Amino acid sequence: MDLIRNFSIIAHIDHGKSTLADRIIQLCGGLSDREMEAQVLDSMDIERERGITIKAQTAALNYKAKDGKIYNINLIDTPGHVDFSYEVSRSLSACEGALLVVDASQGVEAQTVANCYMALGLGVEVVPVLNKIDLPQADPERAKKEIEDVIGIDASEAVTCSAKTGLGVADVIEEMIARVPPPTGNAEDPLQALIIDSWFDNYVGVVMLVRIVNGTLKPKDKITLMANGSSHLVEHVGVFSPKSVDRPELSAGQVGFVIAGIKELKAAKVGDTVTHSPGQQGRVPASEPLPGFKEVKPQVFAGLYPVESSEYDQLRESLEKLQLNDAALLYEPEVSQALGFGFRCGFLGLLHMEIVQERLERQYGMNLITTAPTVVYQVEQSSGSIISVDNPSKMPEASKINTILEPIVTVNLYMPQEYVGSIITLCVGKRGIQMDMNYLGRQVKLTYELPMAEIVLDFFDKMKSISRGYASMDYEFKEYRPADVVKVDILINGERVDALSVIVHRSNSQSRGREVVAKMRDIIPRQMFDVAIQAAIGSNIVARENVKALRKNVLAKCYGGDISRKRKLLEKQKEGKKRMKQVGNVEIPQEAFLAILQVED
């Protein structure tokens, strides 16, 4: 046990944690040079392209330290993005230590801080590492000071390295071995294993990545998953040295995989506890699960519809397959008058939503229409009952509503001093309430309470463009508060198009209605009859635009001649147009739904 070290790497996006992981694997000889490739642990093509880590991965490596002993080190790679913070907390609770990787040229950023506090809260030993010191603009002294100011851990001893060139990586491992304690736990106790991650493999079913806290696990053992009580027979256990290697047993302190012929991922939830089933000789089930398991609740909802209605079944299958790998994704079928059959999907945040959409389009070749993302509102009806509304079309009539509560989140923003003014303006424009403001070296930390609905649309993009990409943020849910929000409906020729409805704050509902209507006028193609586009709040029309009809010049064949002849032709045309307008329906192009997402303030 004394020679085992479990650690993960915490870093902001692009501070080089995947590259550092590659170097550590290379140094320990986990893969031969031929098998080595950049970002070995990021196995999804989207992960590679965007340079982000989404799913947690592991590598069990052997390292011969300077003191001559061979250490068994388990590296657990974690995502850095705030949307995936649950995955991070699971990975961290499986470790005794974490390397805090900070880019020496950029200093500390928001998500590093969020994940680092999470690590300190879980009692994990944090070892600061300064990366990218080969860059000419690297300033390690300033970065050390920032770590001390912002996070409050001693960084005077921080190891410097360059993951790209491999400089100083051995020192990082030595420091980690010296400072991180070995795992506690007893191989003789009843089995308790934490599921860090689980994914679906087409050949063997669900693969669970577990950290054995107490006890031992061997093939042919019967195991029980404590959250839902289902039992399964273990077929294989082993470790990843990034490649999977079968082992005869996994014992306390180790991290490895378990394959037990589980058919669906919903059974093996991340954060659940695995133990032995009762009634086996010499195997005692654990009396209680490990702490910290919670169901992940989606924060952002959007409708996904296939462009071709015939692809509905295919979309359902793709979502099922995707859910096998992404337990945080929720979906349920819904019907829209404008878009036909589709699904209402729940996501952890905006990045998660983009990635799900991209994976559906890329891995499963779907063509999708996405409706505007919304958050969950709590509506207290006049009858006294409270309902949750995650879809504008489910919002009851205004007369039946007492109060509407909207989710408020606490947002921490970090940015260089020169951008503070413009970021504050942005937050105030989004109905933010400033809670706190700290100067930390050259960085500023702003804390705001903002309605989640304002963040969902375009807050992130705006924040990045105002600050030229230097500002970073993380948010967490605080509470529900009463809010004066209204539903804006878009009517086309007097008919409501449910997929275009949005819920917005009353103060900017009129302007929002006007903008959407103006945008729709440019997008909806001209028909043979006039098309009226209106924005309505309840029964009040707040904006209207017309798309003029295309018309044939019916007088072309009359040269000169009597006015009554011309009038007859014009009247006849007018009658025809009127009749068309009664029966005609307007095709709403795909862009119209996207336009709603990009309405500028």
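Glycine is treated like the rest: Cβ placed from N, Cα and C.
Here's what Swiss-Prot has on this protein:
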{"type": "DOMAIN", "residues": "2-184", "note": "domain 'tr-type G'"}
{"type": "BINDING", "residues": "Asp14, His15, Gly16, Lys17, Ser18, Thr19, Asn131, Lys132, Ile133, Asp134", "note": "GTP binding site"}
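DSSP assigns Ser18 (GTP binding site) to a helix in the three-state reduction. It is Asn131 that, of the binding-site residues Ser18, Asn131, has its Cβ surrounded by the most other Cβ atoms within 10 Å. Taking Cβ-Cβ distances under 8 Å and a sequence gap of 6 or more within the same chain, the neighbours of Ile133 (GTP binding site) are Ala104, Pro140, Thr160, Cys161, Ser162, Leu167, Gly168.
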